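Asker: Right, I'll just put the structure down here and ask away after.
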Amino acid sequence: MFVQEEKIFAGKVLKIHICTMDGTEWLEEVTEDTTVEKLKERCLKHYVHGSVEDPKTLTHHKLIHAATERVLTDTKTVADENLKDKDVLLLIKKRPPPTAPKMAEVSTDEKKKQDNKAPDKDAILKATASLSTRHTDRTVTQHNIRDFQTELRKILVSLIEVAQKLLALNPDAVELFKKANAMLDEDEEDRVDETALQQLTEMGFPESRAIKALRLNHMSVTQAMEWLIEHVDDPSIDTPLPGQDSSGAAGATAAAAAAPTPSTSASASASSSSEESSRQDELTEIFKRIRRKREFRPDSRAVIALMEMGFDEKEVIDALRVNNNQQDAACEWLLGDRKPSPEDLDKGIDTNSPLFQAILENPVVQLGLTNPKTLLAFEDMLENPLNSTQWMNDPETGPVMLQISRIFQTLNRT
């Protein structure tokens, strides 16, 4: 019996499952040495029911291994592609490459781009040659657009002076400021960050020490923790801050000094001038006490870091005060023109300016200036600008700050 030579030397016969995109399925029997191109040709003949006349038909299709999502290479054999018996292949037509645009279309697109292109300097000068020249000082124009945070400090300085004068006219001014002083103590107690305090106590630090450390380090957990570690052997670590243990005694002393006695009441008409002087002195002392509580405390780590750069301690503290304890900004201030200066921080706004007059004429502001808490808020924001948000959200001081902001923005735009 005669047997064809190719069948004698043929490899193992595999049954491959073929699928097309329209759902047609069939089995193709191939040997391991069959090329992918030959297998694809047989699949196309079966799929189109005849011979593949157009040679491009082969190149426009591809076989994909369904399990691995691989595109099979035409020049490789079935064995090279590691196909197994009963593997599934997908016969898919390749996507045609994008047609190149015609020359007419290219020129149209280029023309559109040219039409949409911004004019150059020469085109602008040519188009505006007939317009009259106007000299505008850009520096002055830019300077007039004032920053609210920069101007707010000047506004607050001037409003504090007005508030002090208004409250001094009140016969009960001393009592009012005693209440304000007590209110200040309450605010300081309430202002301890509960989350920061919890983090420190969970580390094992006593609550009283943690509160003291947070107040000394502006509620910074990291700096407070470092302070606690550095002062763990300090004998005075548990000593309360001066404002905490003496405020009650100071308030009691001031209250005793201000409490009317029968003898002073009997001779009130005879010694009105001396009482007025005494009341003003006591009021001044309370103002000083409030300011001492709000005095600026520089960040100790920032002070050390800047002094290590070679700057003097006084100028470092000035830089941190001007830049709200921000070390990087303070460094730039020290290396720059040092504007604004520390003295500028205490300068108020021109009291005759339209802005200040508009603020004073506002009924909400007028009413707020008679409230001791408003004066406290102004003092606090001067020394701690970061506390502005707290006072903006306060039901008593918030409306005053909102009116000041609105008036500034309105006049700044006009």
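Glycine is treated like the rest: Cβ placed from N, Cα and C.
Keep in mind that this is a model prediction, so the values were computed, not measured.
So TrEMBL lists these for the protein:
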COMPBIAS  108-122  compositional bias 'Basic and acidic residues'
COMPBIAS  246-275  compositional bias 'Low complexity'
DOMAIN    14-98  domain 'Ubiquitin-like'
DOMAIN    191-231  domain 'UBA'
DOMAIN    297-337  domain 'UBA'
REGION    97-122  region 'Disordered'
REGION    236-282  region 'Disordered'
Asker: On the DSSP side of things, how many residues of the domain 'UBA' (191-231) fall into helix, strand and coil, could you say?
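Answerer: Residue counts for the domain 'UBA' (191-231) by secondary structure: 29 helix, 0 strand, 12 coil.
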Asker: Average the per-residue pLDDT over the domain 'UBA' (297-337) and send me the rounded value.
Answerer: 86
Asker: Per DSSP, how many helix, strand and coil residues does the domain 'Ubiquitin-like' (14-98) have?
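Answerer: So the domain 'Ubiquitin-like' (14-98) is made up of 17 helix, 29 strand, 39 coil.
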Asker: For the domain 'UBA' (297-337), jot down how many residues DSSP puts in helix, in strand and in coil.
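Answerer: DSSP composition of the domain 'UBA' (297-337): 27 helix, 0 strand, 14 coil.
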